[in-house]
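Working notes, structure below.
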Amino acid sequence: MVSPVTVVKSEGPKLVPFFKATCVYFVLWLPTSSPSWFSALIKCLPIFCLWVFLLAHGFSFLCAHSSARKILAGLIFSSLGDAFLIWQEQGYFVHGLLMFAITHILYSSAFGMKPINVCAGLVIAAVSSLCYLLLYPYLSGPFTYLVAVYIALIGFMGWRAIAGLQLANDLWTWTKLSACLGAVLFMVSDLTIAVNKFCFPVPHSRAIIMATYYAAQMLIALSAVECQDVEVARKRS
């Protein structure tokens with residue numbers, strides 16, 4: 001298993017553009033009331049940098065590891081979702097929802113179905129059901145069903161990420177921890193979006209949503225770095 005120190009030394013420099021782009025987003029803090037292509041670019045720029053982060057490992061790496069390709073594809077659909085959500089008040093919220101739904105399907109596939117970890121699945125199912133029950137009174141029309149499907153997809157993604165984190169044996173790797181933390185932060189970000197949009201205003205919602213979202217995407221991108229080790233571990237399990 002590769003140590004976290006080694007990871008920081010080898011992967012840290014490749015993430016510098018991502019951190020800079022994230023800082024640019026929070027420094028400029030463009031108003032959401034005035035959507036524009038420039039604001040869409042600034043919002044998507046950190047995710048573009050994560051594309052570059054994965055591509056920097058080489059096309060041979062991506063060709064050799066399907067998990068890395070799926071995570072890269074998920075990042076591409078995430079960028080499209082981010083762009084649509086810039087114009088969500090103009091009727092593009094559902095389009096963004098669809099892009100992120102595809103993202104979660106891709107991430108779930110990248111994390112794989114082994115080990116099953118039924119206990120983790122039951123916990124995530126219970127938490128997802130509770131979240132939907134809390135949101136349900138505030139939903140109407142198509143959102144009653146769309147939000148249910150979306151919660152199921154992101155919950156499934158979270159289950160597959162958490163299921164891979166086997167702390168009790170030698171199959172544990174930092175990439176699995178990274179995927180797990182990234183999935184949890186993604187769920188926190190999306191839950192904040194849902195509560196803020198459908199239920200009641202969440203104080204500092206935008207800061208919470210974007211901070212957890214960018215951190216989640218970075219951690220999920222990092223989880224692709226040692227795809228070979230992860231796939232070997234899956235075969236052993």
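Cβ coordinates come from backbone N, Cα and C, glycine included.
Whatever TrEMBL says is automated annotation, not expert-curated.
For 37-59, 71-87, 93-111, 118-139, 145-165, 177-195, 207-227, the entry in TrEMBL reads transmembrane segment.
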* Of the stretches 71-87, 118-139, 207-227, which racks up the most C-beta pairs under 8 Å with the transmembrane segment (93-111)? -> 71-87
* Are the transmembrane segment (207-227) and the transmembrane segment (118-139) close, by which I mean at least 3 Cβ pairs under 8 Å that are 6+ residues apart in sequence? -> no
